[in-house]
Amino acid sequence: MVPQAKLVVASLILTSALIQTSEAVGGIATYWGQYTETEEGSLAEACASNLYSYINIAYLNIFGEGRYLSLNISGHCSDCTFLGEEIKACQSQGVKIFLSLGGPYGDYHLTTDGDADRVAEQLWSSFLGGSKSTGVYQPLLGDVELDGIDLDIQIGPPEEYDVLARNLKDLTKDRTRPFYLSAAPKCSAYNDSDAYLWTAVETGLFDFVWVKFYNDTSCQYNNDTAAGLDAFYRSWYDWTVSLAEGNKLLIGIPASNETDNSPLGGYIPSDVLNDQIVSVIMTSSKFGGVNVWNRYYDLKTNYSSSIILEYVNSGTKYLPLRTKFMYQNA
């Protein structure tokens, strides 16, 4: 017997999907840069794996208050300008490369609109193809024009990131290469003006929102099929109806059921993800795919491979997803 609440939530999702039916095609995103080259491989290797449509270089974790920008790409490099050639190779393969701002550690914050203005100028000049202005230009990744900026803000005050987003979109509006903004809010940040990134996401400027459905017990999958799926579905539906048309929502999940030292709640076995989640939500025009945390764990578990092989013909990065009503045999 299927719980009534479960059916109601699934019905809401499916009704929304039918209203906005489109050819739902998703991609896989991941984060690279927080482990050594021996542990997670190079950026070039990640791109050549043919697993990912989007790769976030993590992290730019010092910015704001008029300071110079600083990267923390753990164990890979101190002088990371050589990555410029790897980034260009990735882009030539169709992989979109983002620079992720924030992370769990660092010294970053925006205190005023002027602060957000300056950081936007620094990013534009250093990573996005803008003018190489003296005092602003820092070629930390070499001479590159990245595809996008990702916000994974986890510490400091939550204000001013909406201003940063507006400034970045304005600065990049005339460039030839499309510019993308992405954000990685916690699933519980929905409709919470005090939460990281909610106010920014409300601007409607974020092309990709890869919501973290992990480390957040109120809205993540919690192993028990009925209760775990209900929490996920309710949160997914809330986020779907809140996003502006054209924004894509990706499922942010860990590629392993534990970190080095402690459980990483929210892990979804790939068979559950494929058969009981993606197959239900993929008809929404806002479905954008899956964001896997992170390249290191993905290499250990081959998690992305298990998703791709379920849905994709050999040789393509994208997931043309099948239609299936989860409760057809209920």
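Using the three backbone atoms N, Cα and C, a Cβ is placed for every residue, glycine included.
The signal peptide annotation in Swiss-Prot covers 1-24. According to Swiss-Prot, the feature domain 'GH18' maps to 26-330. Annotation source Swiss-Prot lists disulfide bond at C47-C90, C77-C80, C187-C219, citing similarity to another entry.
Distribution of Swiss-Prot features across the structure.
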{"residue": "C47", "record": "disulfide bond", "Cβ within 10 Å": "23"}
{"residue": "C77", "record": "disulfide bond", "Cβ within 10 Å": "15"}
{"residue": "C80", "record": "disulfide bond", "Cβ within 10 Å": "18"}
{"residue": "C90", "record": "disulfide bond", "Cβ within 10 Å": "21"}
{"residue": "C187", "record": "disulfide bond", "Cβ within 10 Å": "25"}
{"residue": "C219", "record": "disulfide bond", "Cβ within 10 Å": "24"}
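When the Cα of C219 (disulfide bond) is compared against those of the disulfide-bonded residues C47, C77, C80, C90, the shortest separation belongs to C47. When the Cα atoms are compared, C47 (disulfide bond) and C80 (disulfide bond) turn out to be 17 Å apart.
Of all the disulfide-bonded residues listed here (C77, C80, C90), C90 has the Cα closest to the Cα of C187 (disulfide bond).
The two recorded residues C77 (disulfide bond) and C90 (disulfide bond) have their Cα atoms spaced 18 Å from each other.
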